[in-house]
Amino acid sequence: MATSTIQQSAFAGQTLLKPQNELVRKVGGNGGRVSMRRTIKSAPESIWYGPDRPKYLGPFSEQTPSYLTGEFPGDYGWDTAGLSADPETFAKNRELEVIHCRWAMLGALGCVFPELLAKNGVKFGEAVWFKAGSQIFQEGGLDYLGNPNLVHAQSILAIWACQVVLMGAVEGYRVGGGPLGEGLDQLYPGGAFDPLGLAEDPEAF
């Protein structure tokens with residue numbers, strides 16, 4: 001009886017361990033990479049979404065327009081100019097704001113990066129971003145990367161032309177579809193740059 005119980009226990013232990021051993025075997029064959037997914041609450045369940053979300057004046061807010069349903073981030077029920085009344089206009093404005101935020105994040109990186117380079121031996125006329133503009137009034141002026149052979153910042157027209165050409169080319173490339181082809185969301189195309197696999201789960205993304 002004891003022997004039978006021990007054998008059954010051992011068999012049960014092997015059964016319980018089998019999935020784990022199978023997982024270990026598969027992980028070992030895939031270089032130790034495990035794809036894990038978890039369920040994340042959707043945005044409408046948050047207090048910041050839906051009809052009961054906080055309003056811009058709290059309890060003193062006026063009647064919220066019917067087209068502001070709390071579906072999108074930042075919707076506090078305020079649209080006196082009616083900019084979100086037309087769905088197509090709202091979609092276009094939302095696209096522009098997302099792009100503006102991305103340019104702003106890139107600009108924030110551009111504020112910090114020159115200081116990091118300056119601390120590691122790269123010479124700038126002025127690496128601190130809020131002081132760099134004053135260099136335009138100095139005798140030597142302001143050059144990109146401190147190199148006079150590059151675009152000279154004394155010429156406002158040259159700066160303007162560079163901004164229009166460089167940023168306009170990138171934006172035109174994005175609006176035209178870029179390398180991703182058609183049928184993808186222009187704001188969140190996914191797949192182009194996702195080394196951490198953060199967009200693999202549509203619900204989590």
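Heads up, the Cβ atoms here are built off N, Cα and C, so glycines get one too.
According to Swiss-Prot, the protein has these features:
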- Tyr56: chlorophyll b 1 binding site (BINDING)
- Trp78, Ser84, Glu97: chlorophyll a 1 binding site (BINDING)
- His100: chlorophyll a 2 binding site (BINDING)
- Arg102, Val151, Leu180: chlorophyll b 2 binding site (BINDING)
- Ser155, Glu171: chlorophyll b 3 binding site (BINDING)
- Gln163, Arg174: chlorophyll b 4 binding site (BINDING)
- Gln163: chlorophyll b 5 binding site (BINDING)
- Arg37: N2-acetylarginine (MOD_RES)
- Thr39: phosphothreonine (MOD_RES)
- 1-36: transit peptide (TRANSIT)
- 98-117: transmembrane segment (TRANSMEM)
- 150-170: transmembrane segment (TRANSMEM)
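The structure, with features from Swiss-Prot marked on it.
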| residue | record | Cβ contacts under 8 Å, 6 or more apart |
| --- | --- | --- |
| Tyr56 | chlorophyll b 1 binding site | Tyr76, Gly77, Trp78 |
| Ser84 | chlorophyll a 1 binding site | Pro65, Tyr67, Leu68, Phe90, Asn93 |
| Glu97 | chlorophyll a 1 binding site | none |
| His100 | chlorophyll a 2 binding site | none |
| Arg102 | chlorophyll b 2 binding site | none |
| Gln163 | chlorophyll b 4 binding site | none |
| Glu171 | chlorophyll b 3 binding site | Ile99 |
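A simple way to gauge crowding: the CB of Trp78 (chlorophyll a 1 binding site) has 16 other CB atoms within 10 angstroms, across all the protein chains here. In the three-state DSSP assignment, the secondary structure recorded for Trp78 (chlorophyll a 1 binding site) is coil. Our reading of the chlorophyll a 1 binding annotation (Trp78, Ser84, Glu97) yields a largest Cα to Cα distance of 17 angstrom. According to DSSP, Arg102 (chlorophyll b 2 binding site) sits within a helical segment.
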